[in-house]
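> The structure follows.
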Amino acid sequence: MTDFYILGFSNFKTEQILLTVGIMIMYSLTIVGNLVISMIISLVPNLHTPMYFFLCNLSVVDVIYVSSSLPKLLSITITQDNRISFAGCISQLYFFTFSAVCDIFVLTSMAGDRYVAICRPLQYTLIMNRRVCGTISALCWIFSAGNSLLMTLLTSVLDFCNSREISHFLCDVKTMTALSSSDTTSREIFILIEDIIIGFVPFSLTVASYVRIISTILKIRSSETRLKAFSSCTSHLTAVILFYGPILILNMKPESEHSKEQDNLISLLYVAVVPMLNPFVYSLRNKDVLDAVRKL
């Protein structure tokens with residue numbers, strides 16, 4: 001046997017049509033919204049700044065992020081065929097891990113950009129020049145790809161003799177490791193260390209950046225300048241809260257009888273809902289993007 005079975009939302013049998021329509025709408029809006037944002041930033045010279053350069057990166061990553069998981073979930077809800085091949089599962093694991101890690105790094109890079117813009121404005125153009133931004137972006141992609149390849153290779157050599165039912169709506173590292181019949185103690189320790197390095201450290205840097213940013217903004221005497229400085233950070237701050245919020249809830253939530261179903265619903269928030277909302281967060285209240293749309 002080489003097939004796995006993604007259980008996903010199999011317990012929500014009566015809501016399958018609603019679930020299918022919801023996933024289809026979220027996936028369509030995410031793809032269209034992020035591609036439009038990327039196109040606008042690429043075509044309008046006024047948006048060729050570090051902040052929008054990283055936003056373009058975030059949009060591309062979000063397209064990969066949702067495309068690694070939602071099409072298969074959509075197929076399962078429509079056809080009721082929840083099988084996925086071993087090769088398909090490993091491929092999904094690679095692209096999902098890659099895009100999730102890259103999302104974290106890009107959001108952290110954007111926090112650094114906002115920190116320099118608010119706390120060191122006179123040195124902003126010198127520090128955040130094209131070469132620096134290009135190097136940071138390349139490191140985000142390269143490190144994410146290398147890390148994902150390592151995690152995928154470590155998972156692909158595990159044995160799966162006891163069960164092939166994946167109690168999630170996608171193949172991810174933790175689910176596959178828990179499903180394996182091999183001794184995974186060393187891998188679980190490695191995953192914990194990785195979570196600290198890739199999850200906790202960037203999150204801490206982002207929080208530290210915003211502590212300094214808010215502290216600096218509060219010291220500005222002019223209320224107009226203070227409002228303008230804060231408004232330049234609101235879109236990114238909203239995106240950070242939307243991304244990390246469901247993850248923190250998922251990790252802090254106590255276990256219960258319906259824990260797995262609740263976990264899957266919360267996971268759907270940061271896998272599908274957050275990438276869908278990001279283009280709206282960065283466009284609806286952003287004067288530069290709205291002006292660029294009018295010009296186009």
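In case you wondered, yes, glycine gets a Cβ from its N, Cα and C as well.
Curation plays no part in TrEMBL annotations; they are all automatic predictions.
Grabbed the feature section from TrEMBL, which reads as follows:
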- 33-282: domain 'G-protein coupled receptors family 1 profile' (DOMAIN)
- 17-44: transmembrane segment (TRANSMEM)
- 51-70: transmembrane segment (TRANSMEM)
- 90-111: transmembrane segment (TRANSMEM)
- 132-154: transmembrane segment (TRANSMEM)
- 189-211: transmembrane segment (TRANSMEM)
- 232-252: transmembrane segment (TRANSMEM)
- 264-284: transmembrane segment (TRANSMEM)
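Can you walk me through where each of these features ends up in the structure?
Through the fold, the transmembrane segment (17-44) approaches residues 9, 52-53, 55-56, 59-60, 62-63, 66-67, 70-71, 73-74, 77-78, 272-273, 275-276, 278-280, 282-283, 289, 292-293, 295-296 of its own chain, all at least 6 residues removed from its boundaries and within a Cβ separation under 8 Å.
Sequence-remote contacts of a segment are chain residues at least 6 beyond its ends whose Cβ falls under 8 Å from one of its Cβ atoms, and for the transmembrane segment (90-111) they are 51, 54-55, 57-58, 61-62, 64-65, 67-69, 72, 84, 136-137, 139-141, 143-145, 147-149, 151-152, 155-156, 170-173, 176, 198-199, 202-203, 205-206, 209-210, 236, 239-240, 243.
Nonlocal intrachain contacts for the transmembrane segment (132-154), taken as residues 6+ away from its ends with a CB within less than 8 angstroms of a stretch CB, comprise 50, 53-54, 57, 90, 93-95, 97-99, 101-102, 105-106, 109, 112, 173, 187, 190, 194, 198.
Long-range contacts of the transmembrane segment (189-211) within the same chain: residues 101, 104-105, 107-108, 111-112, 114-115, 147, 151, 154, 173-174, 177, 233, 237, 240, 244, 247, each at least 6 residues beyond the stretch ends and with a Cβ under 8 Å from a Cβ of the stretch.
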> Go through the chain and flag residues at least 6 beyond the ends of the transmembrane segment (264-284) whose CB is under 8 A from any CB in it; none is fine as an answer.
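The answer is 8-9, 23, 26-27, 29-30, 33-34, 36-37, 55, 58-59, 62-63, 65-66, 69-70, 168-170, 235, 238-239, 242-243, 245-247, 249-250, 253, 290, 293.
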> In the same chain, which residue numbers or ranges, 6 or more beyond the ends of the transmembrane segment (51-70), come under 8 angstroms Cβ to Cβ?
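23, 26-27, 30-31, 34-35, 37-38, 41-42, 92, 95-96, 98-100, 102-103, 106-107, 109-110, 113-114, 117, 133, 137, 140, 169-170, 232, 236, 239, 271-272, 275-276, 278-279, 282, 288.
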